[in-house]
2 protein chains.
Amino acid sequence: MKDNVKVGLLGLGTVGTGVVKMIQQHQEQLVHQVGCPVSIKKVLVKNPDKGRDVELDSHLLTTDPYDVINDPDIDVIVEVMGGINETRQYIIDALNAKKQVVTANKDLIALHGSELQKIAVENGCDLFYEASVAGGVPIIRGLTEGLASDKIQKMMGIVNGTTNYILTKMSKEGLAYDDVLKEAQELGFAEADPTSDVEGLDAARKMAILARLAFSMDIELDDVAVSGISSVTQEDLKYGATLGYTMKLIGYAEQENNRAEVSVQPTFLESSHPLSSVNDEYNAVYVYGEAVGETMFYGPGAGSLPTATSIVSDVLAVVKNMRLGVNGRNVLAPQYNRQLKEPNERFAKYFIRLHVRDEIGAFAELTKLFSNYSISFEKILQLPLEEEGLAEIVIVTHKASMDNYQSVLSEINDLDVVRAVRSFYRVEGEGTK
Amino acid sequence: MKDNVKVGLLGLGTVGTGVVKMIQQHQEQLVHQVGCPVSIKKVLVKNPDKGRDVELDSHLLTTDPYDVINDPDIDVIVEVMGGINETRQYIIDALNAKKQVVTANKDLIALHGSELQKIAVENGCDLFYEASVAGGVPIIRGLTEGLASDKIQKMMGIVNGTTNYILTKMSKEGLAYDDVLKEAQELGFAEADPTSDVEGLDAARKMAILARLAFSMDIELDDVAVSGISSVTQEDLKYGATLGYTMKLIGYAEQENNRAEVSVQPTFLESSHPLSSVNDEYNAVYVYGEAVGETMFYGPGAGSLPTATSIVSDVLAVVKNMRLGVNGRNVLAPQYNRQLKEPNERFAKYFIRLHVRDEIGAFAELTKLFSNYSISFEKILQLPLEEEGLAEIVIVTHKASMDNYQSVLSEINDLDVVRAVRSFYRVEGEGTK
């Protein structure tokens with residue numbers, strides 16, 4: 001049995017630094033948990049001379065990844081450098097060198113997770129990635145172990161902290177999207193180029209990873225339909241609030257008879273839904289299991305220490321497996337073939353805000369179009385607009401299929417009475433399925 | 001390697017029936033997960049002739065526990081019969097017969113968990129009990145695996161569904177405690193004898209189990225200071241709401257330098273705290289870790305299917321360990337000696353409601369007593385009472401030590417101006433430590 005585990009790091013940014021600190025500072029606790037010391041042997045960095053907020057002997061630093069990957073003393077490789085193509089190759093080489101791998105790289109796992117998992121199993125190695133989704137929230141363990149015996153039917157996740165921060169500020173302080181984004185950038189909650197966050201791409205990667213595990217199905221990133229929050233307006237939020245809704249960027253995944261749908265979109269939640277009170281930069285994943293009913297995992301979605309916590313927990317799991325001699329033996333191939341629902345099998349409620357001519361019979365025309373496609377209304381709100389002769393109409397529909405909505409949206413602008421469709425958002429109810 | 005795992009059940013009530021159904025109905029999924037069939041071999045029941053909502057051959061039923069415990073074909077014993085002394089002996093005998101054990105019995109684990117865990121390890125067996133705390137919420141895995149590398153500093157749990165249901169109804173519908181209790185009994189949310197729930201004993205058992213795991217310390221049930229909700233009044237809730245608080249029965253556990261405190265008491269939470277929106281019969285455990293910060297686990301606290309889900313997940317974990325040959329090898333003895341904080345090391349804010357004589361200088365007298373014991377006020381609310389010459393005063397203090405509160409409470413009735421102390425509740429802030 002190994003009596004001294006050596007860890008190699010690829011990358012030493014804020015997360016990598018956090019991992020090094022936790023391993024150094026919690027050594028006594030780690031020894032208690034896994035029965036042997038765990039230490040850092042080698043770290044890949046870009047610039048060895050850069051000042052760092054961590055004590056590490058300079059001879060532990062290298063600029064050559066293969067000093068880490070091929071070091072025969074190293075048992076576990078922690079990848080916190082980010083990136084895709086180059087990093088993928090490093091991880092493949094590490095697995096082929098029989099190293100256990102822990103990564104926080106959601107982009108990589110979303111795109112190449114299935115391939116890498118396969119290579120890990122072939123080499124009898126673990127590949128763990130708890131930190132890749134919602135940093136401090138142990139949702140992956142929750143899905144693969146805690147709810148292992150249940151059939152997950154539905155998941156809804158607030159899995160991007162930046163957009164949740166922006167929507168919370170917009171809702172609570174009545175500020176415009178552009179102003180909040182600017183403030184978030186100044187505070188470091190949003191990147192200089194915020195596209196990946198605000199357009200939902202980051203959330204889509206996480207939902208692909210979660211749906212793959214929850215449904216035991218080889219969901220690909222391209223299967224996730226995505227729209228972001230950059231066109232959400234104060235008017236939308238106010239009308240939503242009037243009707244009892246809170247806006248969140250929701251990753252939605254559902255399966256029925258092993259046919260799945262996965263999407264990310266700004267969504268109006270009924271304010272009684274547990275996710276509607278998840279605010280600021282926090283993340284949460286709501287899971288609906290056939291047997292367990294509703295559960296929710298809540299916590300910080302990012303941040304170097306929460307993410308480092310998940311990584312070190314994964315390292316401990318790997319080390320326990322090493323000491324038991326069972327690495328790479330507890331990984332599941334997907335149970336079901338990947339089958340996606342067609343638009344006519346995907347049902348949701350929608351919030352639709354329109355400007356219409358304020359004239360007799362206008363509403364009747366609208367109703368007729370929707371009822372042609374079997375869509376009925378749950379809530380209606382009509383208010384006069386400042387512009388003479390126009391009215392604002394907000395409709396919340398009952399559940400209907402996506403293809404019917406698409407038909408309505410393609411025809412609605414042809415109606416004489418409709419001036420413009422201002423917005424169109426998914427609506428989710430109280431939580432219970 | 002075992003190629004067919006046999007399970008024996010002690011007990012076949014609603015939870016046991018749920019376990020049988022899940023194992024029967026999800027067989028294909030279980031085989032996929034653990035690589036071999038899992039089937040029910042023998043079930044201890046009180047009355048074999050009773051009609052049951054599950055299909056089981058009558059020859060699988062027995063009234064002799066040792067038909068299950070000593071059956072050489074049985075690998076895993078699931079204990080869902082409840083009770084303490086007799087059940088403890090069955091589990092000891094099962095472990096000594098080298099059976100893996102899964103139990104949902106919080107009373108037993110709270111009282112005898114450490115002893116049973118030790119016997120399990122001596123026999124190379126697993127003893128898993130995820131279902132003993134908060135049925136459908138995988139909090140025990142969260143603590144032992146997901147947050148394994150972190151140092152847990154504080155936990156707050158809503159871990160009793162009955163009391164949370166009662167307090168939610170009292171708060172939202174303005175009903176009296178007795179009326180809500182009666183309704184809860186009629187709906188099956190409260191037992192005919194509700195003492196264990198409403199006086200906080202059930203929550204105390206769960207907090208003892210959680211604190212033991214979170215702090216790696218051998219906390220005993222007697223270490224948990226308990227008070228229940230049966231004397232909570234509508235007046236308290238209304239004054240609390242006025243000051244921005246929601247009342248919950250909170251299990252509180254905190255450690256500092258490996259000295260712990262664990263308690264259960266009705267607590268006013270600031271309405272922005274994530275736990276304050278956990279309503280009805282739902283449970284949630286809020287965990288504050290040094291590195292991870294705030295996380296929360298939310299879900300159904302009871303119910304036969306959520307509890308059965310946790311049990312079957314534990315059975316799967318046991319079976320995976322069996323197939324890897326590592327049962328009983330992954331259990332941790334407590335890392336720290338049990339040390340409890342003294343009253344002068346335990347700090348909290350409190351809400352105190354008093355009736356005082358409405359006369360000049362009354363408030364000055366009160367202030368003097370509190371400041372004698374270094375307790376200062378954060379919020380004060382004074383209202384006239386209907387009874388001539390009396391006023392109602394509500395004080396929320398800043399943090400102070402328990403021994404100082406005890407001194408104040410022992411002297412306050414001696415003050416001429418004080419007619420009566422009406423209530424006294426712990427107050428918790430926004431969540432961040």
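Backbone N, Cα and C atoms are what each Cβ position is placed from, and that goes for glycine too.
Listed in TrEMBL:
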- B:Lys206: active site, proton donor (ACT_SITE)
- B:Leu10, B:Gly11, B:Leu12, B:Gly13, B:Thr14, B:Val15, B:Gly16, B:Thr17: NADP(+) binding site (BINDING)
- B:Lys106: NADPH binding site (BINDING)
- B:Glu191: L-homoserine binding site (BINDING)
- B:351-426: domain 'ACT' (DOMAIN)
Specify all same-chain residues, apart from the site residues B:Leu10, B:Gly11, B:Leu12, B:Gly13, B:Thr14, B:Val15, B:Gly16, B:Thr17, whose Cβ lies within 8 angstroms of the center of the Cβ atoms of the NADP(+) site, ordered by sequence.
B:Leu9, B:Gly18, B:Val19, B:Val80, B:Met81
Does B:Gly16 (NADP(+) binding site) have same-chain partners at least 6 apart in sequence with Cβ under 8 Å from its own Cβ, and which are they?
B:Leu9, B:Val43, B:Val78, B:Val80, B:Met81
Once the chains shown are all counted, how many other Cβ atoms turn up within 10 Å of the Cβ of the residue listed as 'L-homoserine binding site'?
14
Report, in whole Å, the straight Cα-to-Cα distance of the residue listed as 'NADPH binding site' from B:Thr17 (NADP(+) binding site).
19
Counting across all protein chains shown, how many other Cβ atoms sit within 10 Å of the Cβ of B:Gly13 (NADP(+) binding site)?
14
Using DSSP with the three-state reduction, classify B:Val15 (NADP(+) binding site) as helix, strand or coil.
helix
Can you tell which of B:Gly11, B:Thr14, B:Lys206 has the least company, meaning the fewest other C-beta atoms within 10 angstroms of its C-beta, among these recorded positions?
B:Thr14
Between the Cα atoms of B:Glu191 (L-homoserine binding site) and B:Gly11 (NADP(+) binding site), find the distance and write it as a whole number of Å.
20
Rounded to a whole number, how many Å is the Cα of B:Leu10 (NADP(+) binding site) away from the Cα of the residue listed as 'NADPH binding site'?
15
Nearest-integer angstrom distance between the alpha carbons (Cα) of B:Val15 (NADP(+) binding site) and B:Lys106 (NADPH binding site)
14
Starting from B:Lys106 (NADPH binding site), work out which of the recorded positions listed here (B:Gly11, B:Gly13, B:Thr14, B:Lys206) have their Cα within 10 Å, and give them in sequence order.
B:Lys206
B:Thr14 (NADP(+) binding site) and B:Lys206 (active site, proton donor), compared by Cα position, are separated in whole Å by 21
Whole-number Å only: compute the distance from the Cα of B:Gly11 (NADP(+) binding site) to the Cα of the residue listed as 'active site, proton donor'.
21
Average the pLDDT scores across the domain 'ACT' (B:351-426) and report the rounded value.
93
